[in-house]
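Record features, source TrEMBL:
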type     : residues                              : note
ACT_SITE : Glu24                                 : active site, proton donor
BINDING  : Lys85, Val105, Ser139, Ala140, Asp141 : substrate binding site
BINDING  : Asp137                                : Mn(2+) binding site
ACT_SITE : Lys158                                : active site, nucleophile
Amino acid sequence: MIYMTFSAEAARARSSGQPLVALESTIITHGMPYPQNVAVATQVEADIRAAGATPATIAVIEGRLHVGLEPEMLQALGSTPDVAKLSRADMAACLATGGTGSTTVSATMIAAHHAGISVFATGGIGGVHRGAETSFDISADLQELAQTPVTVVSAGPKAILDIGKTLEVLETLGVPVIVRGQDMVPAFWSRRSPFAAPLRMDDADSIARAHAARKSLGIPGGQLVTNPIPTRDEIPAETLAPIIAAAQAEADERRITGKAVTPFLLDRIFEHTRGRSLRANVALVRNNAVFAAEIAQSLRRVSS
Ligand code: PSU
Ligand code: MN
């Protein structure tokens with residue numbers, strides 16, 4: 001038996017058929033430092049409302065699956081150190097044992113689908129890490145995209161990953177990678193990577209129609225939308241390359257493995273760019289939230 005609790009606004013949106021956008025909580029607990037994390041999460045929710053949809057930030061709190069967090073819950077989650085980071089593998093265990101944890105992209109997709117939400121905004125998805133040929137470190141996010149029917153709006157695979165290998169795995173898994181409005185895949189902090197867009201779409205309606213078409217065909221799995229960071233906020237790939245390489249070398253040297261890898265790398269890059277990476281991260285998440293709100297509204301039109 002799963003106890004699912006909706007926030008007041010998420011419950012209202014559900015009962016009146018208004019479009020909802022899911023948000024993950026690992027970006028709050030493991031992706032940004034306190035107190036900026038809470039401020040950013042609050043801002044992103046406001047951005048979604050301003051763009052005409054209702055936000056639902058997802059987390060497990062004391063054994064309940066929360067779909068939409070009241071402000072005091074968000075504050076408590078964001079200020080608690082060492083919260084569990086939940087993926088497909090451990091969300092059910094956390095619910096079963098009355099635990100508290102933040103949801104990654106994979107766990108948020110499962111929760112969103114369970115709650116009837118089809119669109120989800122985040123920063124960057126997890127993917128194939130550099131050196132995966134020896135470490136086997138491939139995020140559960142990729143498998144999730146292959147099986148859970150949620151459209152995920154991101155700014156592309158994080159540049160700390162091996163973007164080429166991440167795209168190859170997504171292709172193998174049959175996950176559509178849709179680039180918004182340009183011909184190259186974006187790389188999170190930078191607008192461009194060297195990789196050509198597998199699919200390009202320029203507007204929310206096309207993405208919503210593609211989501212609905214997959215459903216009609218009975219194709220399992222979701223869509224990955226990659227939305228380039230706004231030009232004024234991007235960090236050129238050349239500036240980041242040596243910083244990412246140094247962070248990865250330090251992670252290898254200190255034998256950081258498993259769930260700790262992504263938070264470790266993000267934290268090092270934040271330090272080495274003196275906060276510039278964090279500002280870029282905030283800008284791209286906000287940009288994704290607004291686009292996700294547009295897709296959620298389009299989806300409501302195409303499926304009614
Ligand atoms: N994007 C960010 N910051 C983050 C993450 C994504 O800008 O912290 C999180 C997401 O929750 C994603 C997770 O699902 O990192 C991937 O972790 P891993 O590589 O351990 O699968
Ligand atoms: Mn991993």
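Each Cβ is built from the backbone N, Cα and C atoms, and glycine gets one as well.
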So if I take the recorded positions (Glu24, Asp137, Ser139, Asp141, Lys158) and measure from each Cβ to the nearest atom of ligand 2, which come out below 6 Å?
Asp137, Ser139
Expressed in Å to no decimal places, the gap between the Cα atoms of Val105 (substrate binding site) and the residue listed as 'Mn(2+) binding site' is 16
Check the Cα-Cα distances from Glu24 (active site, proton donor) to the recorded positions Ser139, Ala140, Asp141, Lys158 and tell me which is shortest.
Asp141
Helix, strand or coil for Lys85 (substrate binding site)? Use DSSP.
strand
How many Å lie between the Cα of Ala140 (substrate binding site) and the Cα of Lys158 (active site, nucleophile)?
15
Could you check the recorded positions Lys85, Lys158 and say which one's CB has the most other CB atoms within 10 Å?
Lys158
Could you tell me which of these recorded positions, Glu24, Asp137, Asp141, has the greatest number of Cβ atoms within 10 Å of its own Cβ?
Glu24
Same-chain shell around substrate excluding Lys85, Val105, Ser139, Ala140, Asp141, C-beta within 8 angstroms of the CB centroid, reads Thr26, Ser87, Arg88, Thr104, Ser106, Ala107, Ile125, Gly126, Glu144
Listed recorded positions are Glu24, Lys85, Asp137; which sit with C-beta under 6 angstroms of ligand 1?
Glu24
Given the binding-site residues Val105, Ala140, which one has the fewest other C-beta atoms within 10 angstroms of its C-beta?
Ala140
Considering all pairs of residues in Lys85, Val105, Ser139, Ala140, Asp141, annotated in the record as contacting substrate, what is the maximal C-alpha distance expressed in whole angstrom?
13
Let's check the environment of Ser139 (substrate binding site): how many other CB atoms sit within 10 Å of its CB?
26
Asp137 (Mn(2+) binding site) versus Lys85 (substrate binding site) - Cα distance in angstrom
16
Please report the Cα separation of Lys158 (active site, nucleophile) and Asp137 (Mn(2+) binding site) in Å, rounded to an integer.
14
